[in-house]
Amino acid sequence: MSRVVREVHLMQLPREVLLGENLVGEVVNVANRLGLGRKALVLYGPRTKKIAGKDVEDVLREEYEVEGVTVKGATMEEVERVLSIIGDHGSDWLIAVGGGSIIDVAKLASFKAGVPFISFPTTASHDGIASANASIKDLGSKTSVKAVPPIAVIADVKVIKTAPYRYLAAGVGDMISNLTAVRDWQLAHRIKGEYYSEYAASLSLMSAKMVIKNADIIRLGNEESVRKVVKGLISCGVAMSIAGSSRPASGAEHLFSHALDMIAPKPALHGEQVGVGTIIMAYLHGLKWERVRETLKRVGAPTNAYELGIEPELVIEALTIAHTIRPERYTILGKDGLTREAAEKAAKITGVI
Ligand SMILES: NC(=O)C1=CN([C@@H]2O[C@H](COP(=O)(O)OP(=O)(O)OC[C@H]3O[C@@H](n4cnc5c(N)ncnc54)[C@H](OP(=O)(O)O)[C@@H]3O)[C@@H](O)[C@H]2O)C=CC1
Ligand SMILES: O=C(CO)COP(=O)(O)O
Ligand SMILES: [Zn+2]
């Protein structure tokens, strides 16, 4: 009997999500509960090794055969290097202790090696904590690669609170960007017939609305703020998993940020750049861009080139090249992008330059 198989969309989600205080010791319990193998590889960055990476490594060493690796940036070279360490060590599973870059490297290496990974975020600056896609720099530009979500997320509020406040504000930028990302997705659905999930879009918008409503609470930078932001970021990751791509959380404002990463001598944080990008893209979409700017101001996130520490000229350039970064991702920038005049006008009207 022949059967017509339509589109099969496999949605994977974390099996455990822990959010609380002093969770380093919980790593062993989670690994035991999930029945992960004996050999664990701990990934951290030069800074996050000291913040929590070494502690996680030490705790695991009591019961597991552990190796640690310092990762320097989310590049394909680093993913390849980690893969060869996994091969030599025979790692059964990975744990990423760090910001978005470390988690993305673990995510892709884990997918390629066919072993699970645990996400142990040290910042609430990005919504890749629980997502299934990795943003990796390859051949000079950021690509969004399908990978796997973490098998578990262990978010220790005390560790995340060690990060300077600007990281939390960046997390707000990454969530408010969902407003324009979803608009771009709807546009691509209407104009290009792209797959669109109303459920994923609604979930993603929920995080954006949450930060608009709770900006003043988040501004306090206390444990309640961290919990709110982490929950919102995790739910953006789930929205991306449901969508099967980063579409619900990444549109033209992200292309603008990726362009800045390529041309700015000293880029700002991912979430800070996409927050500023959201102001401009909201203006282009005819949305209430003032409300986006107001929310970012209330949480103390950058709203202009000066606060990003980036030359206005580079902001204009990034706006004019953003559409070339992922031509397959249709956005408000269209296939031809913005002219220099249009870019300058949009940036000036919104007070970004
Ligand atoms: N896959 C996805 O769905 C998503 C991916 N992303 C990606 O995530 C990245 C952005 O993540 P983000 O976290 O902003 O930046 P990074 O991971 O690049 O981290 C920035 C810096 O912060 C440091 N750091 C981490 N934790 C702490 C802490 N507690 N205290 C002090 N410093 C700390 C890092 O240390 P160290 O040097 O030790 O690493 C690093 O130097 C981008 O590459 C972006 O593309 C963003 C959103 C979604
Ligand atoms: O940053 C993301 C969502 O916030 C996803 O990243 P991409 O723009 O690389 O798809
Ligand atoms: Zn992002």
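From the backbone N, Cα and C atoms, a Cβ is placed for every residue, glycine too.
The feature NAD(+) binding site is assigned by TrEMBL to Gly100, Ser101, Ile102, Ile103, Asp104, Thr122, Thr123, Ala124, Ser125, Ser131. Residues or ranges marked as substrate binding site in TrEMBL: Asp127, Asp174, His258. Among the features that TrEMBL reports, glycerol binding site is placed at Asp127, Asp174, His254, His270. Residues or ranges marked as Zn(2+) binding site by TrEMBL: Asp174, His254, His270.
Shown on the structure are the features that TrEMBL records.
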residue : record                 : DSSP class
Gly100  : NAD(+) binding site    : helix
Thr123  : NAD(+) binding site    : coil
Asp174  : substrate binding site : helix
His254  : glycerol binding site  : helix
His270  : glycerol binding site  : helix
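The binding-site residues shown are Asp127, Asp174, His270; of these, the one with its CA atom nearest the CA of Asp104 (NAD(+) binding site) is Asp127. Separating the Cα atoms of Ser125 (NAD(+) binding site) and Asp174 (substrate binding site) is a whole-number distance of 7 Å. Those same-chain residues not listed among Asp127, Asp174, His254, His270 yet with C-beta within 8 angstroms of the centroid of the glycerol site C-beta atoms are Gly100, His126, Gly128, Gly173, Ser177, Ala249, Ser250, Ser257, Gly271, Val274. Note on proximity: among Gly100, Ile102, His254, His270, the binding-site residues of the record, the Cα nearest Asp127 (substrate binding site) is that of Gly100. Contact annotation for binding-site residues (Ile102, Thr123, Ser125, Asp127, Asp174, His254) versus ligand 2: Asp127, Asp174, His254, each with CB under 6 Å from a ligand atom. Nearest in space to Ile102 (NAD(+) binding site), taking C-alpha to C-alpha distance over the binding-site residues Asp174, His254, His258, His270, is His270.
In this structure, Asp174 are the binding-site residues from Ile102, Asp104, Thr123, Ser125, Asp174, His258 whose C-beta falls under 6 Å of some atom of ligand 3. Ligand 1 lies under 6 Å from the Cβ of the following binding-site residues, listed in sequence order from Asp127, His254, His258: Asp127. In sequence order, Ser141, Lys142, Ala322, Ile325 constitute the residues six or more apart from His258 (substrate binding site) in its chain with CB-CB distances below 8 Å.
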